[in-house]
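Trainee: According to TrEMBL, the feature substrate binding site maps to N13, N64, G74, N75, N145, N177, E195, R196, G205, T206. What TrEMBL lists as active site is C73. As annotated by TrEMBL, active site, proton donor applies to C73. Residues or ranges marked as active site, proton acceptor by TrEMBL: C204.
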Amino acid sequence: MGVEFLKGHGTENDFVVLPDPDGLLDLTESRVRALCDRRRGLGADGVLRVVRPDFGPWFMDYRNADGSIAEMCGNGVRVFARYLVEADLVPLGPFAVGTRAGQREVVAHDDGTVTVDMGRALVTGASTALLHGVEFAGVAVDVGNPHLACVTTTPVSALDLRDQPGYDREVFPHGVNVEFVNVLDDGALLMRVHERGIGETRSCGTGTVAAVASWLHGTGRHTGKATVDVPGGQVSVVIDEESSTLSGPAVLLARGELDQAWWDAL
Ligand SMILES: N[C@@H](CCC[C@H](N)C(=O)O)C(=O)O
């Protein structure tokens with residue numbers, strides 16, 4: 001009997017889901033890297049290990065494709081919630097999910113979308129990203145994990161995000177996810193992202209919340225809402241004084257078993 005897995009995505013930010021209710025899997029960095037590798041593994045931006053703690057809600061143990069641990073993943077938590085519902089571990093509707101950034105309240109809808117209470121999107125100051133010699137002004141936003149969200153008039157479609165953008169390591173000692181954002185009109189944003197521990201992805205849920213917080217901040221507002229178009233689809237974000245919500249699709253597309261000998265050799 002091999003290791004059970006599922007594959008899913010939220011706006012094409014894709015994940016390998018590893019059900020591990022009793023916490024028995026030894027999820028090493030090299031196993032995460034191999035699983036996420038698009039040639040020698042299943043291929044994904046990250047891994048979501050599904051753990052049932054002794055107390056409290058189901059816990060999302062999130063890992064980036066390079067094996068690093070991150071505090072929070074907004075697209076991941078939607079896919080995680082979809083898995084819990086499809087596996088009959090929780091009913092459709094509202095329930096909580098544990099993350100390293102704290103407990104998150106989610107609502108799984110019957111149309112396949114999930115709404116997540118993402119907590120407070122905290123703007124902590126100004127900073128800049130450097131991309132191929134060009135500086136982009138942005139703001140640092142804490143959404144449980146660190147973001148540098150740069151609203152710019154440079155068309156984001158023209159940017160080359162293959163390399164890690166430069167950033168101030170004193171402001172972001174643990175690395176940062178960097179978003180580039182165009183304002184399409186009042187209430188619609190276009191975003192591309194370079195994620196910490198991964199590279200460019202087709203969507204980043206926490207990044208979209210940071211993008212909306214940055215846009216609102218730049219227009220002198222603390223609250224508001226926007227749809228955010230990303231290469232992999234569209235999500236909706238609402239920001240209140242004390243909280244924020246993210247809504248969007250969550251898809252499970254495959255399930256199977258990892259070869260035990262392949263797993264053991266890693
Ligand atoms: N794609 C995720 C964020 C995943 C973690 C991030 N790369 C980090 O290291 O903080 C999302 O949808 O929020």
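Cβ atoms here come from the backbone N, Cα and C positions, even for glycine.
Automatic prediction, not curation, is the source of TrEMBL annotations.
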Trainee: What is the set of residues, excluding N13, N64, G74, N75, N145, N177, E195, R196, G205, T206, whose C-beta falls within 8 angstroms of the centroid of the C-beta atoms at the substrate site?
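Mentor: Along the chain, the qualifying residues are G46, A70, M72, C73, G76, V193, I198, T201, C204, G207.
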Trainee: List which of the recorded positions N13, C73, G74, N145, E195 have their Cα within 10 Å of the Cα of the residue listed as 'active site, proton acceptor', in sequence order.
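Mentor: Final answer, ordered: N13, C73, G74, E195.
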Trainee: How long is the line from the C-alpha of G205 (substrate binding site) to the C-alpha of the residue listed as 'active site', rounded to the nearest angstrom?
Mentor: 7
Trainee: Among N13, N64, G74, N75, N145, N177, E195, R196, G205, T206, listed as contacts of substrate, what is the widest Cα spread in Å, to the nearest whole number?
Mentor: 16
Trainee: Count the other Cβ atoms sitting within 10 Å of the Cβ of the residue listed as 'active site, proton acceptor', across every protein chain shown.
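Mentor: I count 36 other Cβ atoms within 10 Å of it.
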